[in-house]
Amino acid sequence: FLDKACIQDGTESNESPWRLCTVAQVEQVKILISVIPIFACTIIFNTILAQLQTFSVQQGSAMNTRITKTFKIPPASLQSIPYIMLIIVVPLYETVFVPFARRITRKDSGITPLQRVGIGLFVATFSMVSAALVEKKRRVSALHSSEQLSIFWIAPQFLIFGLSEMFTAVGLIEFFYKQSLEGMQSFLTAMTYCSYSFGFYLSSLLVSLVNKITSSSSNSGWLSDNDLNKDRLDLFYWLLAALSFINFFHYLFWSRWYSYNPSLSPTTTHESRGQDLESQSFNSTNSKLNATHHPIS
């Protein structure tokens, strides 16, 4: 139905630009509408990132940060772990995984950008699972044995998220760049950073909603005391893990529905799109053969 916007109705020779669009404008709107569901599925991913930059730092502050007798590791410095992971894993991905996957999938990129994003969204769930398990252990140790766990217990959740970010963040930028017309690359890449902002906003909204729902006249909310030994941060992490898992299946629905634009990304088409292209190529070949054997007189 969007194609009708660039079709002249024949009643007027010079229609208003508000009633008649160019083909390029219609194609840009199509691309924008088609990538919005994929973009929306990455918001929960960035909500998890917000927790690693806020509650995980608070979590580390309540743990034993001493490495030597004179040196303590700053809890906020653990945020560098995902980026160190990216520096190490991305070259390995390009030099080891992509050539191996290329032999199986017969695609230049090994796996499609959407498959790459999906793997990252799935792995991100386990970052929150790890965070919930560690927080439960830390809280029990602090309340029952008055012991402080080492801050390195929370390193796995950063490591797992760094691995998931290598798939999701990089794959999303690759997807937006490959599926955009000329002049739209910057705009669609900017949507990646909009996902960050929406994710952090959703994080604040979730904290407020959780506190409001879990608080009662006798008990405060899961995150209202600003004291991790009294709060239930582990339950909040489990909630995020559940939301991330549901979001992954939500993403599967939209990614299976999405069809790659063959003119923009010919090497990463879905099977259904590939069959259409094969049939078009077959018909084109037949028409050429017919024209050769039956020339127009």
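Every residue, even glycine, has its Cβ placed from backbone N, Cα and C.
According to TrEMBL, the protein carries these features:
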COMPBIAS  277-290  compositional bias 'Polar residues'
REGION    269-297  region 'Disordered'
TRANSMEM  29-49  transmembrane segment
TRANSMEM  81-101  transmembrane segment
TRANSMEM  113-134  transmembrane segment
TRANSMEM  154-177  transmembrane segment
TRANSMEM  198-215  transmembrane segment
TRANSMEM  235-254  transmembrane segment
Query raised in the report: Taking pairs 6 or more apart in sequence, does the count of Cβ pairs under 8 Å between the transmembrane segment (113-134) and the transmembrane segment (29-49) hit 3 or more?
Result: yes
**Report entry** Spatial neighbours of the transmembrane segment (154-177) far in sequence, C-beta under 8 Å, 6+ residues away
**Finding:** 35, 38-39, 42, 45, 48-49, 52, 56, 59-60, 63, 78-79, 81-86, 89-90, 93, 109, 113-117, 119-124, 126-128, 130-131, 134, 185, 188-189, 191-192, 195
Query raised in the report: Other than its close neighbours in sequence, what residues sit by the transmembrane segment (81-101), given a CB gap under 8 Å and a spacing of at least six beyond its ends?
Result: 52, 107, 109-111, 155, 158-159, 161-163, 165-166, 170
